[in-house]
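Annotated features in Swiss-Prot:
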type	residues	note
ACT_SITE	Asp34	active site, proton acceptor
BINDING	Asp10, Ile11, Asn24, Gly32, Val33, Asp34, Ser121, Thr122, Gly123, Ile124, Tyr125	substrate binding site
DOMAIN	1-171	domain 'Macro'
Amino acid sequence: MNKITVIQGDITNIASEAIINVANSSLLGGGGVDGAIHRAGGPVILAECQAIRSRQGGCKVGEAVITGAGTLPADYVIHTVGPRWSDGRHNEDTQLKSVYLSCFKLVGHHGIKTVSFPNISTGIYGFPKKRAAAIALDVIKHCIAENRTIEKVNLVCFDAENYDLYLKLLN
């Protein structure tokens, strides 16, 4: 059974145990996916993010933290900070790999079986879409092989270009 599914749509409407939020380092909400998740999940997500911020000062690039999901169709939101693309010579690939590995570490720790990822860093952060998709799939396949309890990973693409890229790379 193929455990990776590619979906074109809004991640806030996808039912899974955990959804990944591409946050900023403050964890206080923002634009794009981050803003959509905070709006759809309600104030409980921001309150939990503020508590994390009080304890550890936010979240660094490549790291991840977990909160409840509020009114989203999920149990958890895993917040991570993706890298900004510079020129490919400033560890951007390694940082993006760390994003996925940090998310999967929390998935394993919490016994999560289904998780939904948006496209990470390919919007305003400028990461080349094909490069980001290849990195994502490489790490996801590795993590699925390492963690046999993962049943399903949804790759939720807001735009057709990322959706088509994932489909091509998976086939």
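Numbers run from 1 along the shown chain.
Just so you know, glycine gets a Cβ as well, placed from its N, Cα and C.
Sequence features annotated in Swiss-Prot and their locations in the structure.
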{"residue": "Asp10", "record": "substrate binding site", "contacts (Cβ under 8 Å, 6+ apart)": "Ala36, Val156, Phe158"}
{"residue": "Asn24", "record": "substrate binding site", "contacts (Cβ under 8 Å, 6+ apart)": "Gly30, Asp34, Val81"}
{"residue": "Val33", "record": "substrate binding site", "contacts (Cβ under 8 Å, 6+ apart)": "Ile11, Asn21, Val22, Pro118, Gly123, Phe158"}
{"residue": "Ser121", "record": "substrate binding site", "contacts (Cβ under 8 Å, 6+ apart)": "Val22, Gly82, Pro83, Arg84, Trp85, Leu96, Val99, Phe127, Ala132"}
{"residue": "Tyr125", "record": "substrate binding site", "contacts (Cβ under 8 Å, 6+ apart)": "Gly82, Pro83, Arg84, Trp85"}
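Around Gly123 (substrate binding site), a 10 Å sphere centred on its CB holds 18 further CB atoms from the protein chains shown. In the predicted model, the domain 'Macro' (1-171) shows an average pLDDT of 95. Residue density at Asp34 (active site, proton acceptor): 19 other Cβ atoms are found within 10 A of its Cβ, drawing on all protein chains shown.
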